[in-house]
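The feature active site is assigned by Swiss-Prot to 131, with sequence analysis given as support. The feature substrate binding site is assigned by Swiss-Prot to 78, 79, 80, 116, 117.
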């Protein structure tokens, strides 16, 4: 038996609504989002120069990402406010592509998933890197922000590998 996909934030008449999760049971949930920031060689060199940018830029982006995950429900109108148990932000430097790859992981034990929190954290980390490097490269590209993994709840485990 297959079901027709629907937009859960629209009611039968097409009006927006916040999904009612009050009847759901709390379950362990995790989501991982990924994205990248690509820049020119000059900006990448400044970012990765010892004692220069890497520590400050990436630490600032990490803190911004954690704050963004915690405030997700304030930014996305129909997103539920939920208790985050964990937010982790990891960066991988890719010298060949002059890129910073971002991974945001969020966990909760709640009635709804943490996909939006992970996606928001990843997005804000990328925006923070952009902001702090834009003086050296006006053409920085934020790309491939996506949900990579989610687990928990009725829909179970999902991967985008």
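A Cβ is built for glycine as well, from the same backbone N, Cα and C atoms used for every other residue.
On the structure: features taken from Swiss-Prot.
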| residue | record | DSSP (3 states) |
| --- | --- | --- |
| 78 | substrate binding site | coil |
| 116 | substrate binding site | helix |
| 131 | active site | helix |
Determine the C-alpha span of the substrate site listed in the record, that is the greatest distance between any two of 78, 79, 80, 116, 117, in Å to the nearest whole number.
-> 13
Go through 117, 131, the listed recorded positions, and name the one with the sparsest Cβ surroundings, counting other Cβ atoms within 10 Å.
-> 131
Cβ neighbours of residue 79 (substrate binding site) where a neighbour is any other Cβ within 10 Å | 18
If you count the other CB atoms within 10 A of the CB of residue 116 (substrate binding site), including all protein chains displayed, you should get 22
Around the Cβ of residue 78 (substrate binding site), the count of other Cβ atoms that are within 10 Å | 13
Within 10 Å of the Cβ of residue 80 (substrate binding site), how many other Cβ atoms are there?
-> 17
